[in-house]
């Protein structure tokens, strides 16, 4: 089993030894409740770096709903066993007081790319993400960091963060891992009922149909409206957004020109699912 480090001091001592030996360090930031998507990131890190750290920290600052924070699954023993199978070198699993000690007063806010979509529906969420990610990069001194494309907006926020603050880490975006029926892997999926799980792939199917329609010349507003209607017809309770945006800055796209991204968030069984695909 990989060692589970609880303090910044332990982590820094370990990383200092690796750096002194000239080894490269990769980090995979997670909130635990690991699944095959996380493991694919760890494998990618394992292939690219001499040493791999996976962080497990349920970050209270990125939850704007306390009930969501409470419900978030915590499965550290299972997570460590899964990571052992991948061969990671260390797990960093600090408590909240280690990351945010008494008197902590700094907030990192990335404007622009963090504001629409998830930012509009979850105020403060990306400030919490940016703050903890900036801290993790400082703590781990990572050369590379691995993030899933499933959280596309988060990936864009992190890329902007490291560019603007000159943080010397390379951000690697890794393809979304999906179930056989197309559902994007997510720690939240385990909260779906059996019936909800069967309905959940309707989200990505509607998105794929919209992308195909737009490529075929369908007007963008019509294609998006049809996709939203299809998601609701499949049994989802709400659609927070289903929008076409530029891939990098997440600006609204009026026509297909350059790289676009179709991003969606919808609620099923009271569980908020997000997804995105290239267009």
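The first residue you see is number 1, and the count goes up from there.
Note: Cβ is positioned from N, Cα and C throughout, glycine not excepted.
Within 10 Å of the C-beta of residue 37 (ATP binding site) we count 20 further C-beta atoms, all protein chains included. What Swiss-Prot lists as ATP binding site is 31-38, 148-151, 177, 185-188, and the listing cites sequence analysis.
The annotation active site, proton donor is assigned in Swiss-Prot to 38. Around residue 38 (active site, proton donor), the same-chain residues six or more apart in sequence whose CB sits under 8 Å from its CB are 28, 30, 54, 82, 148, listed in sequence order.
Sequence-distant neighbours of residue 62 (beta-alanine binding site): residues of the same chain at least 6 apart with a C-beta under 8 Å from its C-beta are 124, 125, 126, 128, 129, 132. Residues or ranges marked as beta-alanine binding site in Swiss-Prot: 62.
According to its DSSP assignment, residue 154 ((R)-pantoate binding site) is helical. Over all protein chains present, the Cβ of residue 154 ((R)-pantoate binding site) has 23 other Cβ atoms lying within 10 Å. Annotated (R)-pantoate binding site per Swiss-Prot: 62, 154, in sequence order.
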Taking only the CA atoms, the spacing between residue 31 (ATP binding site) and residue 154 ((R)-pantoate binding site), expressed in whole angstrom, is 14
Between the C-alpha atoms of residue 187 (ATP binding site) and residue 154 ((R)-pantoate binding site), the distance in angstrom, to the nearest integer, is 16
A correct count of other C-beta atoms within 10 Å of the C-beta of residue 34 (ATP binding site) gives 25
Same chain, |i - j| six or more, Cβ under 8 Å of residue 149 (ATP binding site); the result in sequence order is 155, 173, 174, 175, 176, 276
